[in-house]
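Colleague: Here it is, the structure, as C-alpha cells.
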Amino acid sequence: MAESYDVIIIGSGPGGYVAAIRASQLGLKTAIVEREHMGGICLNWGCIPTKALLRSAEVLDHANHFKDFGLVLEGSVKPDAKAVVGRSRAVSARLNAGVGFLMKKNKIDIIWGEAKLTKPGEIVVGKSSKPVVEPQHPLPKNVKGEGTYTAKHIIIATGARPRALPGIEPDGKLIWTYFEALKPDALPKSLIVMGSGAIGIEFASFYRSMGVDVTVVEVMPTIMPVEDAEITAIARKQLEKRGLKIFTSAKVTKVEKGAGSITAHVETSDGKVQQITADRMISAVGVQGNIENLGLEALGVKTDRGCVVADGYGKTNVAGIYAIGDVAGPPMLAHKAEHEGVVCVEKIAGLPNVHPTDKGKVPGCTYCNPQVASVGLTEAKAKELGRDIRVGRFSFAANGKAIALGEDQGMVKVIFDKKTGELLGAHMVGAEVTELIQGFVVAMNLETTEEELMHTIFPHPTVSETMKEAVLDAYGRVLNA
C-alpha cells in the first residue's frame with residue numbers, strides 16, 4: 001500500500017525545502033523528493049558557492065589596492081584556484097548538510113529518486129539519474145526510496161537548468177555552464193562569456209578579478225538587460241575600467257573548437273564579424289524549467305515556454321497540483337521561490353488573508369563588482385506604462401561613508417508616481433547595494449509614500465543615506481549635492 005501524505009514536494013531547492021518546513025509547521029504530514037543534492041542548484045551550484053567565489057575575488061581586489069589605504073604589502077598576492085574553489089565547495093557542503101538537518105528537525109520525510117506524477121494525488125519515485133557527485137555532499141540518513149506515494153497536494157519545485165543555443169551546446173570541456181565555471185581545475189588565461197545576465201556577469205567579474213582576460217558578448221543593447229539602463233551604463237563603465245571587454249548588440253554565430261581553445265565568431269550590430277579566441281567559454285544565455293519526465297502532459301497540466309503555468313498561489317489548472325520557483329517561470333530567483341513556497345502552503349492549509357505573490361515587488365541582485373540591485377519598475381518601463389513620474393538620483397561620490405570606504409563609484413535612483421507619491425521602482429549600483437535594496441523593498445511592500453521616506457531618519461555616516469538623498473532629489477530637496 002502506498003504511503004500517504006498531506007503534501008509532497010518534488011524538489012528540495014529554496015522553494016521546495018522552505019515549503020516543506022512551512023507545511024510541517026502548519027501540521028501537515030510532509031515529504032520532499034530529491035534526485036541529486038539537498039538544497040537544489042542555488043545552494044550547491046548557484047547562489048551560495050558563487051558568492052563564496054566572489055568574496056575571494058573581493059578580498060583579492062582589496063589586497064591589490066592596499067596602497068590606496070596607506071598599507072604596505074611585502075611581496076604580491078595571487079589567487080590559488082584550488083584553494084578558492086575548495087573554500088566555495090566547503091561553504092556549499094556546510095549548507096547542504098544544514099538542509100538535511102532542517103528536514104529531520106521538522107519531521108519531514110526525504111524520498112530519494114526521480115518523481116513522476118501518474119494521476120492526481122499520486123507519484124511514482126524511480127531511481128535517480130543524477131547521482132551525488134561530491135563526497136562532501138552525502139545522502140541524508142534514513143531516506144525513503146523508490147515506490148508509490150500519495151498526497152492530497154503535490155507541489156512541483158523542480159527548478160531550472162541552463163538553456164543551450166543550437167550549435168553552441170556546452171560540452172563541459174571548452175564550453176562551460178555554471179557547473180564547470182564553479183570548479184575549474186585551473187584558471188584559464190582567457191575567457192569568453194556569452195550572456196550578461198546575473199550568471200554571466202558575476203562569473204565575468206569573478207574571473208577578471210582572478211586575472212583572467214574576459215570578453216562578454218551580449219545580444220541586447222545593454223548588459224544586465226532586465227535592469228535600469230542608466231544603472232547598467234554605470235556598471236559597464238566600471239567593469240570596463242577593471243579590464244573587461246564587453247560587446248553589446250552582438251551575438252555568437254558559431255564556434256570553432258581547437259586543441260585547448262575555442263574561437264567564437266561574434267557578429268556586431270553593424271553586421272561585421274570578429275573572431276575571438278579564448279581558452280574557455282561560459283554559456284550563460286538563460287535557463288529553462290525542468291518540466292520533462294514529470295508526467296505533466298498526461299495529466300493535462302498547462303505549460304508555457306518551458307515552465308509550468310501557475311497563479312499567484314502556485315495553483316495549476318489541475319486540482320491538487322501546484323508549481324513554485326524557477327519551474328513556474330520568471331523571475332527565476334531563489335527568494336521568489338521561497339516566498340512562493342510559503343504562500344502556496346499557507347493557502348493549502350486554509351490560512352486566512354493569504355496574499356498572492358506579487359512579482360512586481362521581487363528584488364533583483366547581481367553580485368558583480370560593482371554590485372547592482374533593484375526592485376519595481378525601471379524608468380523605461382514606467383514610461384512605457386504611461387505613468388507620470390518623478391525621478392531622483394544620488395551619487396556615492398557625495399556620500400561621506402562611501403568616500404571613506406574608497407567606494408565612491410555608485411548611484412541610487414528612485415522612481416515615484418508624480419500624482420500619488422507611490423514608489424514605483426528603486427535601482428542601485430555600487431558597493432554592497434545588494435544589502436541596501438531591502439529598505440526600498442519594505443517601503444514598497446508597505447506602500448510607503450515619498451513624504452514618509454523623506455521624514456525617516458537614516459543613521460550617519462552610512463552609505464544608506466544615499467537612499468534618502470535620492471528620494472529628496474526626486475522632489476527638488478536634495479541636501480548634499
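Glycine residues also receive a Cβ, built from the backbone N, Cα and C atoms like all the rest.
Given the structure is predicted, the values throughout are model-derived calculations rather than measurements.
Reproduced below are the annotations present in Swiss-Prot:
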type     : residues                                                                             : note
BINDING  : Glu34, Arg35, Glu36, His37, Met38, Gly39, Gly40, Ile41, Cys42, Lys51, Asp326, Ala334 : FAD binding site
DISULFID : Cys42-Cys47                                                                          : disulfide bond
BINDING  : Gly195, Ser196, Gly197, Ala198, Ile199, Glu218, Ala284, Val285, Gly286, Val287       : NAD(+) binding site
ACT_SITE : His460                                                                               : active site, proton acceptor
Colleague: Out of Glu34, Glu36, Asp326, which of the binding-site residues has the smallest number of neighbouring Cβ atoms within 10 Å?
Modeller: Glu36
Colleague: Rounded to the nearest angstrom, how far is the Cα of Cys47 (disulfide bond) from the Cα of Gly195 (NAD(+) binding site)?
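Modeller: Between the Cα atoms of Gly195 (NAD(+) binding site) and Cys47 (disulfide bond), the distance comes to 17 Å.
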Colleague: For Cys42 (FAD binding site) and His460 (active site, proton acceptor), what Cα-Cα distance in Å is obtained after rounding to a whole number?
Modeller: 35
Colleague: Which recorded positions are spatial neighbours of Cys47 (disulfide bond) here, meaning Cα within 10 Å, out of Glu34, Ile199, Gly286, His460?
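Modeller: Passing the 10 Å Cα cut: Ile199.
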Colleague: Have a look at the recorded positions Gly197, Gly286, His460 and say which one has the shortest Cα distance to Glu36 (FAD binding site).
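Modeller: Closest recorded candidate to Glu36 (FAD binding site) by Cα: Gly286.
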Colleague: How many neighbouring Cβ atoms, not counting its own, are there within 10 Å of the Cβ of Cys47 (disulfide bond)?
Modeller: 22
Colleague: Report, in whole Å, the straight Cα-to-Cα distance of Ala284 (NAD(+) binding site) from Glu34 (FAD binding site).
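Modeller: That comes out at 25 Å between the alpha carbons.
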Colleague: Hey, which of the binding-site residues Met38, Ile199 is the loneliest by Cβ count within 10 Å?
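Modeller: It is Ile199 that, of the binding-site residues Met38, Ile199, has the fewest other Cβ atoms within 10 Å.
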Colleague: By a 10 A CB contact count over all chains shown, which of the binding-site residues listed here is most packed: Gly40, Gly197, Gly286?
Modeller: Gly40
Colleague: Starting from the Cβ of Ala284 (NAD(+) binding site), draw a 10 Å sphere and report how many other Cβ atoms land inside it.
Modeller: 26
Colleague: Using Cα coordinates, what distance in whole Å links Ile199 (NAD(+) binding site) and Asp326 (FAD binding site)?
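Modeller: Their Cα atoms are separated by 15 Å.
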Colleague: List only the single closest residue to His460 (active site, proton acceptor), chosen from the binding-site residues Met38, Gly197, Gly286, Asp326 by CA-CA distance.
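Modeller: Checked the binding-site residues Met38, Gly197, Gly286, Asp326; minimum Cα distance to His460 (active site, proton acceptor) goes to Gly197.
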Colleague: Work out how many Å separate Met38 (FAD binding site) and Gly286 (NAD(+) binding site) at their Cα atoms, rounded off.
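Modeller: Roughly 23 Å, rounded to the nearest whole number.
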Colleague: What does the structure give for the C-alpha distance between Gly197 (NAD(+) binding site) and Gly40 (FAD binding site)? Integer Å is fine.
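Modeller: Distance between the two Cα atoms comes out at 20 Å.
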Colleague: In whole Å, how far is Gly286 (NAD(+) binding site) from Gly40 (FAD binding site) when you measure between their Cα atoms?
Modeller: 17
Colleague: Which whole-number value in Å describes the distance between the Cα atoms of Asp326 (FAD binding site) and Gly286 (NAD(+) binding site)?
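Modeller: So the alpha carbons of Asp326 (FAD binding site) and Gly286 (NAD(+) binding site) sit roughly 12 Å from each other.
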